[in-house]
Amino acid sequence: MVMSMYTLLRNRPQPTMEDITETLAGNLCRCTGYRPIIDGCRTFCQETNCCQTNGSGNCCLDGGKMYSFLLISQEKPQLFDREEFLPLDPTQELIFPPELILMAETASPRTLTFHGERTSWVFPTSLEELVRLKTSNPEAPLVMGNTNIGEHQIKYKGVVHPLIISPTRVTELFEVTQTPQGVWLGAGCSLSEVRSLLEKLVPQFPDEKTELFKALIQQLGNLGSQQIRNVASLGGNIMSAYPNSDLNPVLAAGNCKLSAISSGGRREVSLNQDFFVSFGKTVLKPEEIVVSVFIPFSRKWEFVRAFRQAPRKESSFATVTTGMRVFFSEASRVVQDISIYYGGMGPTTVSAARTCKALIARPWDDEVLSRAYDVLLDELALPPSEPGGKVEFRRSLTLSFLFKFNLEILQKLREAVGLCSSLKKRTKSDLDPVGRPIMHRSAISQATGEAVYCDDVPRTDGELSLALVTSSRAHAKITGLDASEALRIPGVVDVITAKDIPGTKVLTMFGYDEELLAEKEVSCVGQIVCAVVADTRAHAKQGAAAVKVSYEDLPDPIFTAEEAIEKSSFFEPRRMIEKGSVTEAFKSVDRVHEGEIRVGGQEHFYMETQSMLVIPIGEETEFNVYVSTQWPTFTQGTVAKMLGIPSNRVTCHIKRIGGAFGGKITKTSILASIASVAAWKTNRAVRCVLDRGEDMLITGGRHPLLGRYKVGFMNDGSIVAADIQCYINAGNAVDESIQKILLHIDNVYNIPNLRASCAACRTNLPSNTAFRGFGVPQSLIVIENIVDNVAAVLGRPADQIREINMYKGKSVTHYKFEFSPENMLRCWDECKAKSDYSARRRDVEQFNQQHRWKKRGLSIVPIKYGIAFAEAFLNQAAALVHIYTDGSVLVTHGGAEMGQGIHTKMQQVASRELHIPPSQIYISETSTSTVPNTCPSAASFGTDSNGMAVKNACQTLFQRLQPIREKYPKGSWKSWVNAAFFEKISLSATGFHRGPDLHMDWDKMEGQPYAYYVFGACCCEVELDCLTGDSRTVRTDIVADIGRSLNPSVDIGQIEGAFMQGLGLYTLEELKYSPSGLLYTRGPSQYKIPAVCDMPLQFNVYLLSDSHNPHAIYSSKGIGEPILSLGSTVFFAIKEAIAAARSESGLVGPFPLDSPATPERVYLACASPFTQKIPVSKPGSFKPWALNI
């Protein structure tokens, strides 16, 4: 993001907010919540009166890509002093190297050729040379921006091209020529250049001539990201011939053509239904080269439109795209010519020729369009097992897009000839740093790129790279492993198998064993079988690809929770908890409702993938392990066991982690152990850094959940009884998640008769693991969905049903733990007041009455979240503090810095206790050699425990200095420290915190599993496009009870980041598996996390005032996890908007909606007339493209 902004400022020193948000659109960092990044970049914006700058709360561009972010506090915090930074001065920036400019301008450039081990690159300088090269090497790909060949073919598919031709220096491919009929654009022009050229041409001509230009500009604004558009070429985009291309349907509908050249001469080829012959193939011959593309002017009475739907609004491959062009007889509504092309409806861009024929020579009216819908539905059929899935959704979208086109054309005709629409009109302390907003201590180094992560540790002499060989089968015996071909590859040093492990070969957790390296059998795709070490990462990957593993498939693999239930495939123990008499209570209720909800899994998608470097040192089998882990002691112990050595020979170092969210504990220790075995065997340093695709395939994520429930309630809305069954998809190895699911199944509701059970399903998928919230986000949406459906049955607002059933007064949970819900009720009331809930409720209802195809929803959801570990032994921490004679202080503690700001807060704690400025305190790293026996940085308990340990150590030191301070009352900190040294007073101290003795007795179904609760409430408003399923979060208001915050700026950042991660979980992020258990979504192009475009247009965060917490340091509260679950507020706001859309079709009452509420699920749930036209394939009658996990 820093480099994106730098690029923008180099090209536009005074950018607008639109420039900034567009520049940041291709960058992903959901854990920040994006707001602080936008705020930082906004300081370069000169629009001082813009709503985005002054925080007025309403967007000045209705529907545009501009954002308003509010940080509500009594005084605006200043995180930095502007005077400390040099102002932006474009005249002082580095200039482009003149030598390179001169080389580019030389009259006779020379051909450049680069030879690699397996590939050669050639850069020709003329069109004639390019034609000769392509004629003699017709299969050699032409590469301009390398966004397709490099990213998808070479990196992910392992394709090797012996020769690659890069014509970036062939000037003829960049020429632009204007003619009376249109404009010829060079095929080498980048998509950004094409967009810029078209934007410059539009104001130069009458509107009627630029219809096609404007449609292309619209599509180019959504295609990829700014970074991709800057390098991807127009010709490359066309010739990639992707079936879901954004541009090709528009170009084809607009009667565009291209000019191609070969040794046989030039020819012009129309971009029409005959141009795209199969997946990734066009009618052009292999030796032909696209030189330019012709884009014609439109005519009077000709209209062109483009539509797309994608999993995310920006930087996302489209699900379905379309280009539509219609030409009317002058001053009439009779169709003279029409062309409609779709992407995403087959292996190629397809023409709806029969539909067009049904419209030609007919008037543009509802009767004709109604027949056209039926023709289109029949013409663009997809088999139920079509690659990409979403068949019902994709077919429905073709109808919706045609209807959208109809609405826009009717509007144009009304403006032009006064035609009446057939649509019905609708009615309407001075130095104390604790509690102050202090900047994250690593913020500057991270922004400048100087922050050191694991893979930034310099290479050592003889260092090897490690690549993994993973199973390609979900359930099979290993019948053979042949590494001979891999060992013959230059640079490959060794292959590590289970036989090489000198110590324990399995990791035992919760009573179950997980193999370090699979030896006899594999139980999921992605299970690690062996590893290859080589001198470079590229050679290691080549070696891994050359290892041959043979299998014998075992019968009946299990992938879904339903299959596991049917076959009783569970990990033990299964848990159950009950309060009251559920069976008896159901006999006395007024109404009973039954249902189920599925919650999909979630990928951690940390910015830094799993990374580790193992260096053998010394002569007694010692190892330094530099690793990105949340629990260094666990990694230390696992490595020691696998190597058969004591833990004191293994030292784990963690400088910082590039995000973790619970995903860098179990699997990290396994990966570090494999790297350690390789380092032990070769006696050389071994580095292992996973690619994003490998990481997603191997590591697992949040557990998918199937929740089934039966709820009994009275007509006044009070819930009397609930029976809930939860099944989590654990994957092929056990992980403890069911406990928190059951303990939070009540959320904030006092249900007198409650029974809940939970089972971990054993399936043949990669083991799922801890993820921020660890079961609570799944349990919360189950209980909130129950409450929501009770409201739907009764026809009452959901917030009323929530209020009726909340804990009030002195309360007792279903596990017999007493607590006060006072702050929870305060959060609820304050959230309603701050969000102006009542007035906006009326506005939403009015909006929905006035709009047929757009609907709004408003929802408010509370939360009660338990903090600390139910396993009492994990609630402890230690610290080590040194004071040096120059007065500087070094603090070490057991917490891992993973972006959450724990080092910053520890610095604040030490500063308060030692009464010195934070600038004199330094935290270098977390290491098992300085603080042993650490507990994981998890459960939102890191600051609570480590803060108390640091406090304890600092208090010890401060007390030791007491005699010195009394002896020299006018001395300085440095003089006191020096005097203490000369008087032989120890300036080093350890600190320890023995946390609460928490417990849970599952036999008695009672206990105190948490130290305290964090409360909160969130109100969200969304706007839904009923014709595509796209939604936009209009406004979000969060009130959080976090006690007395140690650092409000860091905590608000945690709140915003957690909310955005929750928004992704409940509305956007979707994992897809093949019928054989292979994860399809292995990278950002398939798996969509929230981006800048997904932020609420108005984002307000409030911290509950006058809140105290005696159970944590300085009366603060842990905040890392709780707010993530409040992302469900967006889900329920969407659900309310869907209900409004369904009411237009006469559908009322509860309806099923699974999480995430993707555009596909939302669109189908709206039950528009178009979705009802699509026949539903009978389950079991076909093999689905993807499993419903």
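Just so it is clear, glycine is given a Cβ too, placed from its N, Cα and C backbone atoms.
TrEMBL lists CYS29, CYS31 with the feature [2Fe-2S] cluster binding site. Taken from TrEMBL, the feature domain 'FAD-binding PCMH-type' covers 114-300. Look at TrEMBL and you will find 142-149, 233-237, ASP246, ARG308 tagged as FAD binding site. What TrEMBL records for GLN630, PHE661, ARG772, ALA939 is Mo-molybdopterin binding site. According to TrEMBL, the substrate binding site annotation covers PHE774. The active site, proton acceptor annotation in TrEMBL covers GLU1121.
The Cα atom of LEU142 (FAD binding site) lies nearest to that of CYS29, taking the binding-site residues CYS29, CYS31, ARG772, PHE774 as the candidates.
When the binding-site residues CYS31, ASN148, GLY235 are ranked by how far their Cα is from the Cα of PHE661 (Mo-molybdopterin binding site), CYS31 comes first. For ASN146 (FAD binding site), the nearest neighbour among the recorded positions CYS29, GLN630, PHE774, ALA939, GLU1121, judged by Cα separation, is CYS29.
Taking the binding-site residues LEU142, ALA939 in turn, the residue surrounded by the fewest other Cβ atoms inside 10 Å of its Cβ turns out to be LEU142. Local packing around the Cβ, expressed as the count of other Cβ atoms within 10 angstroms, is greatest for PHE661 among the binding-site residues PHE661, PHE774. Nearest by CA distance to ARG308 (FAD binding site), out of the binding-site residues CYS29, CYS31, ARG772, is CYS29. For CYS31 ([2Fe-2S] cluster binding site), the spatially nearest entry among the binding-site residues GLY235, GLN630, ARG772, PHE774, ALA939 is ARG772, judged by CA separation.
Packing around the residue listed as 'active site, proton acceptor' is summarised by its Cβ count: 27 other Cβ atoms lie within 10 angstroms of its Cβ, all protein chains included.
Residue density at ASN148 (FAD binding site): 20 other Cβ atoms are found within 10 A of its Cβ, drawing on all protein chains shown.
With respect to CYS29 ([2Fe-2S] cluster binding site), the closest of these binding-site residues in Cα terms is ARG772, chosen from MET144, SER233, GLY235, GLN630, ARG772. For ARG772 (Mo-molybdopterin binding site), the same-chain residues that are 6 or more apart in sequence and have a Cβ closer than 8 Å to its Cβ are PHE661, GLY662, ALA1058, GLN1061, GLY1120, GLU1121, LEU1124.
Restricting the average to the domain 'FAD-binding PCMH-type' (114-300) gives a pLDDT of 92.
MET144 (FAD binding site) sits 41 Å from GLN630 (Mo-molybdopterin binding site), counting Cα to Cα. Figure note: comparing Cβ neighbours within 10 Å for the binding-site residues CYS29, CYS31, MET144, the maximum is reached by CYS31. Shown in sequence order, ALA660, GLY662, GLY663, ALA770, PHE771, PHE774, PRO936, SER937, ALA938, GLY1120, GLU1121 are the same-chain residues outside GLN630, PHE661, ARG772, ALA939 whose Cβ sits within 8 Å of the Cβ centre of the Mo-molybdopterin site.
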